[in-house]
Amino acid sequence: MERKDFETWLDNISVTFLSLTDLQKNETLDHLISLSGAVQLRHLSNNLETLLKRDFLKLLPLELSFYLLKWLDPQTLLTCCLVSKQWNKVISACTEVWQTACKNLGWQIDDSVQDALHWKKVYLKAILRMKQLEDHEAFETSSLIGHSARVYALYYKDGLLCTGSDDLSAKLWDVSTGQCVYGIQTHTCAAVKFDEQKLVTGSFDNTVACWEWSSGARTQHFRGHTGAVFSVDYNDELDILVSGSADFTVKVWALSAGTCLNTLTGHTEWVTKVVLQKCKVKSLLHSPGDYILLSADKYEIKIWPIGREINCKCLKTLSVSEERSICLQPRLHFDGKYIVCSSALGLYQWDFASYDILRVIKTPEIANLALLGFGDTFALLFDNRYLYIMDLRTESLISRWPLPEYRKSKRGSSFLAGEASWLNGLDGHNDTGLVFATSMPDHSIHLVLWKEHG
C-alpha cells in the first residue's frame, strides 16, 4: 500500500476505532494481536511499558509532590533521589522534609536559611555524625603533660583549660594545640576560675586568691574560711566573688577590695559547689536579670539572693529525699531557667520559676551515672568506665566512649565537660573542640575531643 493510501486508511480506521465501546476496542486489539508476528509483538511490548508508567513527581504540582514526600522516611528519600535527575531536583528542594529529618536527629535548625539544598547537605552531615556516635567513632583523645603533682582543679572556657595542682602552680592550656599559654606559681589549688586577665583560686590552705596571668603576681588574698575552699565563682560586673568551703559556709566577697561582705550559713556538710548566675525567669522571689547564688553540699542545694545585706535569707532548699538519705552527685547545672543534678535516684530537673521538680529520669542505665552537662536535646554523663551521651527526648543513651583509670574526686573538681552548645542540639559547626577533661594518676590531663567530620 502506498504511503498516502496508508495514511488515509489509518485515519478512517482511527475514526471508527474511537467510536467503538471499550469492550469493542478490547476485542479489536485482541484480534489484531492474534494476527501479529514476533516483530509486532516485540514493538508492542517495548512501547507499552513507557505508555503505562506515569512520573507523578514530574506531573503533579510541586506543592502536592512535597506533601507526598513528607510521608517518606529520609533514607527512602535518598534512594528516590537516584531515580532520575528530575526526582533528585524535586526531593532536594523540599526544605521542610530535610529540616524535619535534621530535627529528629537532634540538630538545631535556623529557619532563616531557606536554601533547600543546604538542608539536604546538613542532613547528610548529621546522619554521618550520628552514625559515628552510634559506632563510638566520634571522638579522639590527647593528653596535657606539665604538672609534677596531682591536679585537683580544672576549669574550661573558650578553648582554654586551666589546671590547678598540688605542685603549687596553675597552668593555662590551649586545648587545640596542647600548648601551655601561661604557668604561674600559686598555693595548692582545690578550685580555679579564670578570664583573660586573672585567675581566681580556692585552696586547701583555707583561702581564696586572685592572680594576674601576665605577671604571675597575687593581686588579692581572701582570708576568713576555716576549712578548705572547694568552689569559687565571681562576677566582674557585680564586683563580687563567692566561695564554698569545708567549714559548711558560703562567703560573699568584694572582688576588688578583698573584704568579706557576707557569710551564708545553713549547710551541714562541705559546700562543694557555688554558682553565680543571672536569673532568666520570673517568680514570686526573683525577676529576670536578678543575680542568684546556688550552693550545694552532699544532700542539699540552697538558693540565695545576691545582695550586700548582712542577714541574707535562703530563698529555697532543694533535695531529692526529705530524710536526707540520698546523696547528690557533686556536679550541678544551672542556666538561669532550670537546675539539674544527678543522684542515685536518677537525674532531677527543677523549674527555677516555681522550684517544682519538672522531670526525673530514672532509667536503669543511669542509676550510677554522674552529670557533666545538660542541654535542651542532649545530656553528657559518665561513670568509672565510660562517657555517655543521652538523648533527652527519648531518655536513651545513644553513645559511649571508654575512659582510662582517671583520678577520682568526691567533690567533682578533677573532671569537667568542655564545649556545651552542642547539648542544645548539634548544628554541624558546634561539634568541635573539647568534650571532656579529667586529671590522671600520673598528673597528666586526659582530653576527649570531637573528631573532625569525615
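Quick reminder: no glycine exception, Cβ is built from N, Cα and C everywhere.
TrEMBL lists 54-101 with the feature domain 'F-box'.
Sorting the repeat 'WD' (144-183) by DSSP state (H, G, I as helix; E, B as strand; all else coil) yields 0 helix, 25 strand, 15 coil. The repeat 'WD' annotation in TrEMBL covers 144-183 (among others).
Taken from TrEMBL, the feature repeat 'WD' applies to 222-263 (among others). Sorting the repeat 'WD' (222-263) by DSSP state (H, G, I as helix; E, B as strand; all else coil) yields 0 helix, 23 strand, 19 coil.
Taken together, the residues of the repeat 'WD' (144-183) have an average pLDDT of 94. Taking H, G and I as helix, E and B as strand and the rest as coil, DSSP gives the domain 'F-box' (54-101) the counts 34 helix, 0 strand, 14 coil.
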